[in-house]
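Colleague: Could you have a look at this structure, given as structure tokens, before my questions?
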Amino acid sequence: MAASGITSLPALPEDGGAAFPPGHFKDPKRLYCKNGGFFLRIHPDGRVDGVREKSDPHVKLQLQAEERGVVSIKGVCANRYLAMKEDGRLLASKCVTEECFFFERLESNNYNTYRSRKYSSWYVALKRTGQYKLGSKTGPGQKAILFLPMSAKS
């Protein structure tokens, strides 16, 4: 009989490993909205909307953890961060501000919601037309706030 024992594996570096920067989710994502079937799109000029073509380069997003349950969402091609302004508009900022952080929550229907950390009752949302929905017009239970993260590997 072979002797049994415990095999120990090498520990990962404290920074989370060298494969990707700490805090970054490994692969870029597309955020598919349940309302109208649009992918969240961040344009280089700062506009935010939805588009149905998953091949559009501006739907490739990098989600980065700021702290537990809080993320920033960066357009890979646009090199801008999703932000919610004080009037509820969505736009893309060149640099990270307090308006760029969102509470990410997995809902019971397996869709994610992204609620503004600064304006805590407002959500990222897309209308059935593909336009963003003002944060002040959003709330729990709306299809417009439900997003399914999908892989955006090339």
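All residue numbers here begin at 1 and follow the chain in the order shown.
Cβ atoms here come from the backbone N, Cα and C positions, even for glycine.
I grabbed these lines from Swiss-Prot:
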- N35: heparin binding site (BINDING)
- K94: SUMO1 cross-link (CROSSLNK)
- Y81: phosphotyrosine (MOD_RES)
- 127-143: region 'Heparin-binding' (REGION)
- K127: site 'Important for interaction with integrin' (SITE)
- R128: site 'Important for interaction with integrin' (SITE)
- K133: site 'Important for interaction with integrin' (SITE)
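Describe the structural context of each listed feature in the structure shown, including burial, neighbouring residues and relevant distances.
Modeller: DSSP assigns N35 (heparin binding site) to coil, not to a helix or a strand. Neighbour list (N35 (heparin binding site), Cβ cut-off 8 Å, at least 6 residues apart, same chain): A125, L126, K127, R128, Q142, K143, A144, L146.
Neighbour density for K94 (SUMO1 cross-link): within 10 A of its CB lie 11 other CB atoms from the protein chains shown.
Taken residue by residue with DSSP, Y81 (phosphotyrosine) is part of a strand. On its own chain, Y81 (phosphotyrosine) has S72, I73, K74, G75, A92, S93, K94, C95, V96, T97, C100 as residues at least 6 apart in sequence with a Cβ closer than 8 Å to its own Cβ.
Helix, strand and coil residue tallies for the region 'Heparin-binding' (127-143), in that order: 4 helix, 2 strand, 11 coil [DSSP].
There are 14 other CB atoms within 10 A of the CB of R128 (site 'Important for interaction with integrin'), with all protein chains counted.
Same-chain residues at least 6 positions away in sequence with a Cβ under 8 Å from that of K133 (site 'Important for interaction with integrin') are, in sequence order, A125, L126, K127, A144.
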